[in-house]
Amino acid sequence: MSAPSREEGSKEEEKDEEANRLLEEAGAVSSSEEDVAYEAGEKILVADFDFDTVDDATVPPFSWKKLWLFTGPGFLMSIAFLDPGNLEGDLQSGAIAGYSLLWLLMWATVMGLLIQLLSARVGVATGRHLAELCRDEYPHWARLVLWFMAELALIGADIQEVIGSAIAIQILSRGFLPLWVGVLITASDCFFFLFLENYGVRKLEAAFAVLISIMGLSFAWMFADARPNRQELLMGILVPRLSSKTIRQAVGVVGCVIMPHNVFLHSALVQSRKIDPNKKGRVQEALNYYSIESSAALSVSFMINLFVTTVFAKGFYGTKQAKDIGLVNAGQYLEEKYGGGVFPILYIWGIGLLAAGQSSTITGTYAGQFIMGGFLNLRLKKWMRALITRSFAIVPTIIVAIVFNRSEASLDILNEWLNVLQSMQIPFALIPLLTLVSKEQLMGTFRVGPVLE
C-alpha cells in the first residue's frame, strides 16, 4: 500500500507544479498587455550566489565584477551629452566666449548627473520608467501635454543629430554627398545598430563604447594639436564669468547638456538589468553601482566637451571668424588654423562628428520608443516603433537639409536656437521627475529627502 501511495503523492506534486507553471505563464501574458521597456527574457541577470541567503534589506558588499555587469546604461545615457548639438554649443562657446563658460559647462554637467541619478532612481525603485509613471500618475490632459513636449524636444534634438551626421558624411566625402543624402543614410543606418539589440543588450552597449572611444580619441587628438593655454583653462573652470554678449551661448550650453528626452531614457535603460524592486538591499545595491557608472560616463563626456570648447577657444576667440564658425565649416577653419599634419585635422573632426551623430541618433530613436510606448501604452513591434519614431524627425530634417543646404550660416543659427529650445523644454521633463521621485506612496523608502527636494 505504501508504494502506490507514494506514486499518487508524486503525481499530485507534478500536477501542482504544472498548475503553478500555467498560472505563471498566464500572469506573464496578462502583464505583457502593458508596454514595458524590456521583456523579461531581454534583461541581464546580475547573479550573486554568495549572498543569496542574505536578507532582502542587506546591501551586498562591493564587487568589481558586478560593477561591470551594471556598466552600460550610463554610457548610453551619456551620448546625449555628446551629440552634434553639444559640439555646436561647445565650438560656439569657445569661439565667442573663449574659456569663460567652462565653469558653466562643468556645473551643467554636474546638474545633469544629479538629474540622471534621480531618473535612474525612479526606474530602479519602481520597476517602471518615467513615461509609464506619468501615464499612471497624471490626468489625461496633463499626460498628453507632457508627451507632446517630450516629442517636441526629441524632434529638435534629432534634427541636430541627423544633420550633424549628414555634415560629417559630407566632410568625409569631400563634398561629394550632399546634405540630404547624408540625412537618408543616417536615417537608415540607425536600424542596423538597433538590430544589434536582437543579439543582446550587451552587444548594443559595446557598440556605443566603441563610438564613445572614437569620439574621445578624435577630440583628444585635436586638443593635443591645439595645445590650449592651461592657466586660462583652469581659470575658466574655477572662476564664474558671464557677460551680456555671451548670454545666448550660455543658455545653449545648458540646453545642449541637459536633454529633456534623456531624463525619460535613463529611467528606461536601467530596466535592462533584472532587479527585484521589492528587495530593498538589491535596489540600493543597483543604485550604488549605477551612481558610480553614471559618474564615470559623464566625467568622460565632460572631458570630450572640454576638449572641443578649448580647441576653438584657442584658435578662434577674438578673431573675425568667431561669429561665422559652425558645424559645417568648423573642419575647414581648423585645417586652415592648425594645418594638415600627419592626419588632416579636417578628417579628425569629421570622424569625431560622425561618431557623435551616429550614436546620438540611435539613443534618440531608443528614447522615442520608450516615450511613445510609455505615454500611449502602444503594444507595437520594436521595428515599427523605431520606424514611427524616425519618421517624426526625418521628415522635418529632410526639409531642413534641402532648405538650408546652401546656407551654412542659417544652418548654424538653426542649430544654436534648437539648443535654446532644449533649455525651454527642460521643465516639462524635470518637474514630473522631481514630483514622482519625492512621492512616498510611489518610491517608499527610496524617495528623496527634504534637503534634496
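Glycine residues also receive a Cβ, built from the backbone N, Cα and C atoms like all the rest.
TrEMBL does not curate its annotations; it predicts them automatically.
Positions annotated as compositional bias 'Basic and acidic residues' by TrEMBL: 1-24.
Residues or ranges marked as region 'Disordered' by TrEMBL: 1-35.
The feature transmembrane segment is assigned by TrEMBL to 102-124 (among others).
Taken from TrEMBL, the feature transmembrane segment covers 175-194 (among others).
The transmembrane segment feature in TrEMBL is assigned to 206-224 (among others). Only residues 6 or more beyond the boundaries of the transmembrane segment (206-224), in the same chain, are considered here, and those with a CB under 8 A from a CB of the stretch are 75-76, 78-79, 82, 193, 196, 300, 303-304, 307-308, 310-311, 334, 343, 345, 348-349, 351-352, 355-356, 358-359, 362-363.
Per TrEMBL, transmembrane segment is recorded for 296-317 (among others). Same-chain residues lying 6+ beyond the ends of the transmembrane segment (296-317) with a Cβ under 8 Å from its Cβ atoms: 74-75, 77-78, 81-82, 86-87, 90-99, 101-102, 105-106, 109, 112-113, 116, 212, 215-216, 219-220, 222-223, 226-229, 232-233, 236, 257, 325, 330, 333-334, 337-338.
The transmembrane segment annotation in TrEMBL covers 338-356 (among others).
Under the heading transmembrane segment, TrEMBL lists 362-380 (among others).
Residues annotated as transmembrane segment in TrEMBL: 387-405 (among others).
Proximity of distant same-chain residues to the transmembrane segment (417-437), defined by a Cβ-Cβ separation under 8 Å and at least 6 residues beyond the stretch ends, is recorded for 85, 88-89, 115, 118-119, 121-122, 130, 133-134, 137-138, 145-146, 149-150, 152-153, 156-157, 159-160, 248, 251-256, 258-261, 263-264, 443, 447-448, 453. Per TrEMBL, the feature transmembrane segment maps to 417-437 (among others).
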